[in-house]
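Participant: Handing you this structure, nothing more for now.
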Amino acid sequence: VRGIRNRLTNKNFYILFGLDVVFVFSSLLLSVLLRYEFIFPAELIHFVQPGPLITILLIKLVAFSYFGLYRGMWRYTSIWDMLNVIKANIVASAAYVTLIWSTVGFQGMSRAVFLLDFMILTVLAGSSRVGVRMFFNHILQAIRPRYPAHTIRKVIIIGAGDTGQTILRQSLEQPDEKIKVVGFLDDNPSKIGSRLHDVPVLGPIDSLNKVTPVYDEILICVPSASRTEMRSIIEICKETGKLFKTLPSISELVQGRVTISEFREVSLVDLLGREEVILDKDSIHEFIHGKRILITGAGGSIGSELVRQCLKYDPAVMVMLDLSEYNLFEMDREIMAMESTVLFKPVLCDIRDKDVLAQVFDEFEPQVVLHAAAYKHVPMQETFPWEAVKTNVMGTTNLTQIALQHMVEKFVLVSTDKAVKPVNVMGATKRLAELIVQSANTSSTEFMAVRFGNVLGSSGSVIPIFQEQIRNGGPVTVTDPDMQRYFMSVSEASQLILQAGALGQGGEVFVLDMGEPLRILDIANELIRLSGYEPELDIPINFIGPRPGEKKVEELVLDSEMLDHTRHDKIFVLKDHSITPQVLDFIKSGIYDLELDISQNSANQIRRKLASILPEYDPDLGAGEPIYLNIKAQA
């Protein structure tokens with residue numbers, strides 16, 4: 001809807017649309033005149049009556065629209081656009097020839113007229129679009145003011161594939177970007193020595209320090225590079241002392257389109273990132289396409305990425321629910337800037353408010369719920385455990401009950417590895433959330449949970465904290481030299497959540513393949529080096545001891561759980577025969593009592609109650625009460 005509205009308010013759309021109307025009529029007239037040597041036969045006069053002409057016009061314009069000839073930016077017309085012009089003409093010609101033959105017959109009309117019409121219209125429609133590109137590439141650039149040479153950044157592009165060539169073309173077509181590509185580097189021997197748009201491929205990537213052109217910046221255009229390849233490229237770039245930037249992986253590009261503006265500085269995600277996830281996109285398409293999707297916590301790290309990933313599969317409606325006004329506002333702005341055709345609705349709502357939540361479900365009738373809303377910061381929830389219970393436990397209970405009432409098709413809970421043998425309130429409440437979701441799987445709604453580790457760079461996580469400490473000159477604070485965590489990028493986690501949702505049939509707890517755990521100390525060292533410093537020499541590292549509720553090493557599977565394979569090699573499903581209906585009934589009863597306890601705001605009372613419900617929970621009863629409650633008690 002939004003995409004159509006944007007086109008209808010774009011004056012360029014009307015110009016091209018009007019030209020196509022003229023081309024359709026002109027092509028038909030020229031075809032007849034050429035075939036009959038510029039004498040219009042009287043027996044064909046009935047073909048040029050308003051009815052047949054309007055029918056032909058509508059068929060051709062509908063075909064043009066279907067093949068996307070009124071979408072996109074015409075200044076970037078490519079061979080694919082020309083192929084779409086040809087395909088649209090083939091379909092339109094076949095449609096109206098079939099229509100004429102099956103209704104009134106050809107009645108003396110030569111079949112050559114239809115062939116001529118196809119060829120002439122293809123040339124006219126194609127040349128108009130190529131003309132727009134030529135105007136921007138040559139005429140407009142010729143009359144634009146030249147920028148002073150010292151303002152132009154000279155760049156070397158690593159990667160002479162399609163992505164690198166796209167960036168080169170954009171640099172030529174968009175002088176406002178103020179970059180000049182002086183050369184490519186690529187490890188493909190067949191490309192070395194060749195020229196792309198008159199820019200040379202200078203040599204392999206490891207020859208970066210030896211290339212002769214003077215350059216200011218390096219652009220890494222290898223979005224498909226593996227972790228090992230990326231690390232090697234970054235090490236080569238660091239040796240030059242020049243600024244270097246990279247593109248995100250193709251899966252992280254929201255609209256799948258490579259542009260100069262997408263370049264960013266190399267991050268820890270690039271160094272520690274894993275191999276590109278291979279998805280069963282057909283199953284995810286079936287899961288999301290044309291559905292009404294509700295995402296809770298839609299402004300958070302995982303929730304916002306789930307929104308972006310879902311948009312690729314064209315849901316009917318995207319309901320973004322969040323308690324943070326600012327996060328919701330930012331997501332709303334981001335999606336509006338995408339000019340997405342998906343109808344999206346930001347909803348400011350607390351999942352703890354069951355009545356308001358029910359109204360949201362009444363209004364939008366979601367078919368799929370992706371539940372990412374949660375309190376996740378361990379020390380904070382250790383201090384205020386009643387808040388963790390209200391959101392992570394009661395909020396999840398509210399959602400499952402309302403989802404059942406509205407016969408939601410699928411409900412996916414985003415869980416965490418801290419739910420395994422929890423030693424903190426946050427982990428215990430997320431384990432309870434998993435069990436709540438499993439216990440709700442008794443109807444047509446398919447409930448499931450997806451468990452995984454830490455997300456690289458998520459808000460409030462260790463990486464942004466380290467980055468801030470490095471910017472401030474240190475020290476970087478690490479809790480323990482042996483502290484380890486599982487990590488994956490936010491895009492990989494979100495993609496696999498959708499994949500698990502597509503695979504699930506109800507009642508499952510899925511676990512994502514997190515690879516090997518990483519030492520937090522190693523991450524600190526990598527970040528310091530990535531910032532151009534040496535650990536300890538330039539930036540000191542201090543060990544401050546574990547915080548309340550922290551484990552040295554997280555786990556992904558309980559002792560009672562067994563991993564089983566799914567159709568996707570990065571997703572496993574847990575089998576736990578100890579979770580019987582009787583156990584789930586006991587947990588439901590315990591949650592009811594827990595709801596009564598949270599009104600007392602007693603941290604240790606809540607910890608004890610959680611431990612009575614979850615035998616695997618080992619609470620830290622020495623954490624005590626929040627300081628303001630102690631002051632109140634003393635008063």
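All positions are counted from 1 along the displayed chain.
Using the three backbone atoms N, Cα and C, a Cβ is placed for every residue, glycine included.
Okay, so TrEMBL annotates it like this:
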| type | residues | note |
| --- | --- | --- |
| DOMAIN | 293-575 | domain 'Polysaccharide biosynthesis protein CapD-like' |
| TRANSMEM | 12-33 | transmembrane segment |
| TRANSMEM | 53-70 | transmembrane segment |
| TRANSMEM | 82-101 | transmembrane segment |
Participant: In terms of Cβ proximity under 8 Å, which residues at least six beyond the ends of the transmembrane segment (12-33) contact it?
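Facilitator: Tertiary neighbours of the transmembrane segment (12-33) are 39-41, 44, 53, 56-57, 60-61, 64, 69-70, 74, 113-114, 116-117, 120-121, 124-125, 128-129, 132.
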Participant: Six or more residues out from either end of the transmembrane segment (53-70), which same-chain residues have a Cβ under 8 Å from its Cβ atoms?
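Facilitator: Sequence-distant neighbours of the transmembrane segment (53-70): 7, 13, 16-17, 20-21, 24-25, 28, 81, 84-85, 87-89, 91-92, 95-96, 99, 121, 125, 129.
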Participant: Return the average pLDDT for the domain 'Polysaccharide biosynthesis protein CapD-like' (293-575) as a whole number.
Facilitator: 89
